[in-house]
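Lifted from Swiss-Prot, the feature list:
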- Cys87, Cys90, Cys143, Cys146: Zn(2+) binding site (BINDING)
- Lys164: SUMO2 cross-link (CROSSLNK)
- 82-180: domain 'Mis18' (DOMAIN)
- Ser37: phosphoserine (MOD_RES)
- Ser40: phosphoserine (MOD_RES)
- Ser41: phosphoserine (MOD_RES)
- Ser235: phosphoserine (MOD_RES)
Amino acid sequence: MAGAWSSDCCEGCSSTNCTCGHKSKWGDSSLLGRRLSEDSSRHQLLQKWASMWSSVSGDASAACPERKRREEAAEPAEEDRPLVFLCSSCRRPLGDSLSWVASQEDTNCILLRCVTCNVSVNEEQILSKRKNENGCILETLYCTGCSLNLGYLYRCTPKDLDYKRDLFCLSVGAIESYVLGSSERQIVSEDKELFNLESRVEIEKSLKQMEDVLKALQTKLWEVESKLSFTSCKS
């Protein structure tokens, strides 16, 4: 894949914000927030991503005043920040929620319009064996760093599944998420580092050593001065 990001056409995609004008049964963002199975960790993770994305991709009329309030706030709420999807094995970034199209609850996958260059595509095409995907031709997606199987790219689909064509289907089990801007740790420069008990003890120890050295030098200086004065008196 060329460049830092690879982008594919979302022809027939189901995103409610897509400019192509096509919609499908599951395109409504409200469907992304449906309650999923509580006993499945993958379903819970998918639900979390879907609900976070739904909170920032609602109707434009309702989003305008909320967007104004977010712009005025110094720190955006965590649920309003974009998600970065990482390889679960080597933690390389694979994509983000800004290219989100939809989630597939039955297959535990998310559909993205584009991914990063860390996702490689095996151009060997295979027929999908998934339920209700008869006639779909797929290309396998791998992580360029660790070769982990990430999912599939839909290259050819029957008419009723056209919304999946040229979309990247990433398996929830192969990826992890990171909320952009959620890190709290800051690097403190050496000149601004706060004193603690250990550093105070070390400083006091160094000062004591310097004091001992100065006293020794002062004693040597007195000895030299005494010898010089004694020599001058004899002469």
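Backbone N, Cα and C atoms are what each Cβ position is placed from, and that goes for glycine too.
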Whole-number Å value for how far Cys143 (Zn(2+) binding site) lies from Lys164 (SUMO2 cross-link) (Cα to Cα): 21
Zn(2+) site, defined by Cys87, Cys90, Cys143, Cys146: further same-chain residues with Cβ within 8 Å of the Cβ centre: Ser88, Ser89, Arg91, Arg92, Asn118, Thr144, Gly145, Ser147, Leu148
Residues near Cys87 (Zn(2+) binding site) in space but at least six apart in sequence (CB under 8 A): Leu94, Asn118, Cys143, Gly145, Cys146, Leu148, Leu150, Ala174, Ile175, Glu176
Local Cβ density at Cys146 (Zn(2+) binding site) - other Cβ atoms counted within 10 Å: 13
List of residues, in chain order, with Cβ under 8 A from that of Cys90 (Zn(2+) binding site) and at least 6 apart: Cys143, Gly145, Cys146, Leu148
Most Cβ neighbours inside 10 Å, all chains, among the recorded positions Cys143, Lys164: Lys164
Helix, strand and coil totals (DSSP H, G, I; E, B; other) for the domain 'Mis18' (82-180): 12 helix, 54 strand, 33 coil
